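Record features, source TrEMBL:
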type	residues	note
DOMAIN	B:90-296	domain 'Cytochrome c assembly protein'
DOMAIN	B:316-641	domain 'Cytochrome c-type biogenesis protein CcmF C-terminal'
TRANSMEM	B:97-114	transmembrane segment
TRANSMEM	B:126-145	transmembrane segment
TRANSMEM	B:176-196	transmembrane segment
TRANSMEM	B:208-230	transmembrane segment
TRANSMEM	B:250-267	transmembrane segment
TRANSMEM	B:274-293	transmembrane segment
TRANSMEM	B:313-332	transmembrane segment
TRANSMEM	B:353-373	transmembrane segment
TRANSMEM	B:393-414	transmembrane segment
TRANSMEM	B:426-444	transmembrane segment
TRANSMEM	B:493-515	transmembrane segment
TRANSMEM	B:619-639	transmembrane segment
Amino acid sequence: MTRKTRRLWIVIACLACVGSAAALTLRAFSSNIVFFMAPSQVKANPPSPDRTIRLGGMVMAGSLHRINENGTPVNAFQVTDGQAAVEVHYTGILPDLFREGQSVVALGIVQKDGGFTASEVLAKHDETYMPKEVADELKRTGKWDPRFGKAPDASSWDTMTAKKAGG
Amino acid sequence: MFGPEQGHFALALACVLALVQFAVPLWGANRRDARLVGLAPYLAVSQLIALGYSFLCLIMCAVSDDFSVQNVAANSAVSKPLLYKITGVWGNHEGSVLLWTLILAVCGGAVSLFGRNLPDILRGRVLAILGGVSAGFQMFCLLTSDPFDRVFPAPMDGQGMNPLLQDPGLAFHPPILYTGYVGFAVPFAFAVAALIEGRVDAAWGRWVRPWAVAAWCFLTCGIALGSWWSYYVLGWGGYWFWDPVENASLIPWLTGTALVHSAIVVEKREGLKIWTVLLAIATFSFSLSGTFLVRSGILNSVHAFANDPARGVFILALLAIVIGGSLALFAWRAPSLTSTGLFSPISREGSLVLNNILLCSICAVVVTGTMYPPFMQLLAGRTISVGKPFFDAATIPLTLPLLLAMGVGTALPWKRAQLARTFSHLYAAAGIAAIGLVLCFWKLSGVLPIACGALAIWVIAASASDVLRRIGIGHTSAQGVWERMKHLPRSSWGAALAHIGAGITVLGLCGMSQAQHAIVEVHIGETRSLAGDDWTLLDVHDYIGPNYKAMQADIAIRHNGKLVTILHPEKRDFTTQSQTTTEVAIHTNFITDLYGVVGDRHGTGKDTTYVLRLHRNPLAPWMWLGGLVMAIGGAFSLSDRRMRIGAPKRAAARNMARA
């Protein structure tokens, strides 16, 4: 075994491994990338029901209620980004940091009827955290300017009109 | 005596000492001045003493409830139990950075004390590099995150700690994980010193390997503990979320595992030198980036409790200097290192090369999956994420050949091997693996769990049979076996144990892939069944803890009418922070975990219902048990004489083992 053949073997092994790693990565990317969508984006062009997405927004105050489906408790609540609200159904125990009027990220699929079935609900440890999209959207529509204090209560966003200049 | 000002002064002193420790030995080594180089160990030890004193001051501030210290006021409270007052010191950003630098200083001290057999110049340079890194982090601590900052006026009581962190698991998790991260600074320093010197030989491999193995043991334990913590604290029934912060610890573990193996080739065969040096640099770079990822807020995560983008800039600069500098040095000096050992692809070296390639491929996949989303957000402005499905699909197929090779590798001789001969040693193991495969078909569902399960059994059987063959079980008398057992190098025992540990972990993961759970809403006294067990909610009662109010449920679990256990899951309400936490109740018999969580209470009076989540997690404890066995294997091979002293006994021991 000379140095050259050994190097050849190592190069072949490297190429095989790195190649299969790249192939696996690409394949996994194409089917498993999860896009983040705000409720208004979901309303505007709903993703296909076989596609998992992350839905982020604020839980609308007063929207949380429970449905009992054959003994299994289902949490239902509205998630809003100020433009539109999506009804989310989640079977399970909501995380300890879940609060109405605070931000939430739900992982799941959009049903044909426009509702969202979550397989996982994440609430952020940090209570001031708001998904960047939601914050940007609120700023864009003029409903909230971070320079003037905390975000308004989420229950009012959908009915709020854009603030007057200087207001 | 132990006030914040003294602590602050000691920290500044340590920083100055670290800077001197960086500059003087390097300069001395260049001038071949033995006196200057000889200063390095003294500087390292005095830096350690100063930093230790500083850390002690911070602990004293927390214990004595000195709320004039900003850090204590923000993270502690009078009502907090003493243990958490102490562990809370490193449960926040400032304290954890101080702990980080303290551990780095401990590493420096360890090199000074245990590195007496190193050539003076090499030891001086290694300590200098460690001092440089230390100085950078201490400056970071002093300039951007001073743990001793005072606040005026001092509040009457602190704000308390995040209740999620009030847990014994968190007391030990960060120090162990950090020791793993920081421990790889020593191989890094050795690599940089070797590059400056322009020489890597078998002796270098022998010196660097114990440090890499030690750091690897701690990192393994740290990851296992972290996974266990999220299993029983977060209450989601999960153990690994492929979260950026978890990946940040897995990435250096993968390269570190590769390093531990490739250093063997340097030591035994003087091959793979450049590669090993690169791995040492990469592992520590990934460790540093891991800290950076957690601290900077670039990657938001469920585990990160100290996000601050402003500090990110400082850390980024620090990273650029350490990683960029060492890689530049590598590019400049690495071509002067040449390998001498030749080997055929089918040999121990060949299998170690394969191990390295596979581990690094897995590492590349994990890095891609972790870094792609933030980069996409930065470049294309789209928020995407990848989760468990991605990582499972991309990494598990690469793990299969790794497991296959793990079983064969230790049975191969150095230089050149005959496959037929090697396989003749592995018949028994292959037979056990075949039985395992049948067992997996019976017990598990899904192609990947079955394949992984069978291969894990193969790894365990092959590693065990390799050791049994070496000690001569079956063809030597009992006396002979005892003799051989005594003379078989401890590193062989260690390697076998570590491989068995990996197999146990994989089996645990396979078992967990079959976990079942149910979410139910029940009245008191109602029974639900899950996978053959009947779960009955007996009672729910409230009580008041030291700094929280709790609701505790009693859930009886019966199997075929026989009482298995009564679980007491809780939901705790921390009044100071207006946060609730979930206390999971777990019953384990080391084969299956029964895992209960109590959720919300609904309704009043007779109509009160409770939401419960019930899990049945087969083989769950094996995941962490395997991690522990791996770490014990590493520790065992650390105790090998050859790891510490030169190699005079090596040939003798090997001959005895092979005889």
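Even glycines carry a Cβ here, placed using N, Cα and C.
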Hey, which bits of the same chain come close to the transmembrane segment (B:274-293), Cβ under 8 Å, at least six residues off its ends?
100, 180-182, 184-185, 187-188, 190-192, 194-195, 200, 205, 208, 212, 244-245, 248-249, 251-252, 255-256, 258-259, 262-263, 265-266, 299, 312, 315-316, 318-319, 322-323, 326-327, 330, 334, 337, 339, 356, 370
Cβ contacts under 8 Å made by the transmembrane segment (B:313-332) with residues that lie 6+ beyond its boundaries:
133, 136-137, 140, 143-144, 188, 191-192, 195-196, 277-278, 281, 284-285, 288-289, 291-292, 295-296
If you count Cβ pairs under 8 Å, which stretch among B:353-373, B:393-414, B:619-639 touches the transmembrane segment (B:493-515) the most?
B:619-639
List, by number or range, the same-chain residues at least 6 past the transmembrane segment (B:619-639) whose CB is under 8 A from its CB atoms?
210, 213-214, 216-218, 220-221, 223-225, 227-228, 231, 239, 260, 490-491, 493-512, 515, 588, 590-593, 595
